[in-house]
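Record features, source TrEMBL:
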- A:3-219: domain 'Radical SAM core' (DOMAIN)
- A:Cys17, A:Cys21, A:Cys24: [4Fe-4S] cluster binding site (BINDING)
Amino acid sequence: MTIPPPLGLLAELTHRCPLRCPYCSNPLELARLAAELDTATWLRIFREAAELGVLQLHLSGGEPALRRDLPELIRGAAAAGLYTNLITSAVTLDAARVTALAEAGLDHVQISFQDADPSSADRIGGYAGGHAKKLIAAAAIRVAGLPLTLNAVVHRQNLERLPEMIELALALGARRMEVAHVQYYGWALANRDALLPTRAQLDAATATVDAARARLKGQLTIDYVVPDYHAARPKACMGGWARSVMVIAPSGRALPCHAAESLPGFDFPNARIQSLQDIWTNSEAFNRYRGTAWMTGPCAGCPNAEIDFGGCRCQAFALTGNASNTDPACALSPHHALLADALETATQPHFTYREPGRAPGG
Amino acid sequence: MSLTEASAPRLARGYRLRRDAARDRMVVLGPERVFEADETALAILALIDGERSVAEIIDALAAQYAAPRSEIAGDVLEMLADLAERGVIAP
């Protein structure tokens, strides 16, 4: 049996970040600078990825622009034939840096925005003046002719301004927008009570997105990620475990999903010492939840098994204590009521910022 | 914004047509997007360069496939309008 190769590689170049968003998707235990892969190793990983069949490289973090070798990494990835997508907070990008990245062969930039209101955005990101810096960077990206996606991470504390965030995307010349409800793992799970949206907020947001999509056809494409907590069926997390994406963490650890380090009992392979081909095909970690053979309970034999692949392993573990369980986002899960309970108690206004050594509740 | 026979479309910034050797196919790559280009799409995309007009693309394909121009025109305009709506080409 041959295993189809991954389409995408998510390279988390660093966990360092000037922002402190309380819903950060990085693990609670952040990698330090000294643990990061060097330039040559990343370039070797990119070449291996292209040979394996990866088409798109997502350069992420932390804040990937904190890597001084970013233009060199982009040049190497482009030379390997990869489509390069920079996922950035943009607060450290000035016009000179943007020009250097464009000249290196960067294909696309995605900037995260924390809100449309500057003071709220700076409060959520935990970085004074950050919003204004993003606006400057977005203008430089437009001047450089690089295509831009605006990524709006939405939750209870900013959802009311979703219409303004869509206007912001238009004003900045973005051709694409991601309206991404927070996914509650890691830091976001620890801050869940402060972030979960109400049902009324979610319905208003969905209506706003539907109307904007119709109005802005051909002008702005909007991708919409809904929160599991109001869902009846789980999403196919990562498109299915080890099915289309490989993640490389700053230290070189290879993961089937960026939150997978939260799962116990795994020995994740490291791309420093093992080839991507070997990791993808042969490692126990990538094979453990690949496909449907591992499924039990309501997933086994479910007609949706090949559609949602049982949802998210990390969410199953975080909420039920067993990563092999059906994702409780599924209404067929015996643990589904946990989500409704969480919605009821989500009234806390205060969150904990994401900072090294400051894991919430720890 | 609308696409006519006088338009000279090109792939939008951020989109690339390339060979996917591992899967033996041609693909259009864009932001968070991978489209497999089938034979028809490929024939059209190969002629899109920002200079050739849609009318010229239709003429070329009608000659290439020895098919009635009106039939080809319908297919080409429909596919290009769809690609423009999805932001893959700039009219």
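Even glycines carry a Cβ here, placed using N, Cα and C.
Sequence features annotated in TrEMBL and their locations in the structure.
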residue	record	Cβ within 10 Å
A:Cys17	[4Fe-4S] cluster binding site	26
A:Cys21	[4Fe-4S] cluster binding site	23
A:Cys24	[4Fe-4S] cluster binding site	22
DSSP three-state assignment for A:Cys24 ([4Fe-4S] cluster binding site): coil
Beyond the site residues A:Cys17, A:Cys21, A:Cys24: chain residues whose C-beta lies within 8 Å of the centroid, for [4Fe-4S] cluster: A:Leu19, A:Arg20, A:Tyr23, A:Ser25, A:Asn26, A:Gly62, A:Ser89, A:Gly125, A:Trp187, A:Arg354
